[in-house]
Amino acid sequence: MQMPSAVYTSPSYPLKKFEVDPNDPHYQTTNGRTTGPSDYVLNAGQVDRDKPSGPKMDPVNPDIPTYLSQLRMQLTGLQDDINEFLTKQMEIAKNKRVKVESDEKEKSSQKKNNNNGTNKEEDDDIY
């Protein structure tokens with residue numbers, strides 16, 4: 001059976017490939033880490049009514065999930081990997097934006113101070 005995979009590209013990120021490791025328990029469950037209600041919602045008393053059912057087992061070999069259940073579990077893990085990657089990329093972009101805004105604000109403030117004659121070096125020369 002060929003494993004599902006995904007590829008992400010963007011102008012700022014040339015190539016990121018996501019692949020399933022069928023031996024990793026992360027790809028052997030229908031309960032994703034990044035799907036369903038947040039911990040905040042669950043701690044507030046909400047019940048997860050849309051929780052996915054477990055994998056359906058093969059009727060001939062009950063120790064092995066059906067082909068579609070295996071695919072479903074692998075896709076759940078793959079979705080987690082993609083969600084976590086994209087969340088991290090959004091955090092990186094947010095931090096860059098905040099830094100640029102902070103740098104621009106600092107430059108603007110320095111320029112304003114220099115224009116108001118409050119430059120420390122100039123003050124030292126006057127006395």
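Using the three backbone atoms N, Cα and C, a Cβ is placed for every residue, glycine included.
Feature list (source: TrEMBL):
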COMPBIAS  26-37  compositional bias 'Polar residues'
COMPBIAS  92-109  compositional bias 'Basic and acidic residues'
REGION    1-63  region 'Disordered'
REGION    92-127  region 'Disordered'
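Per DSSP, the secondary structure of the compositional bias 'Polar residues' (26-37) breaks down as 2 helix, 0 strand, 10 coil. Counted with DSSP, the compositional bias 'Basic and acidic residues' (92-109) comes out as 18 helix, 0 strand, 0 coil.
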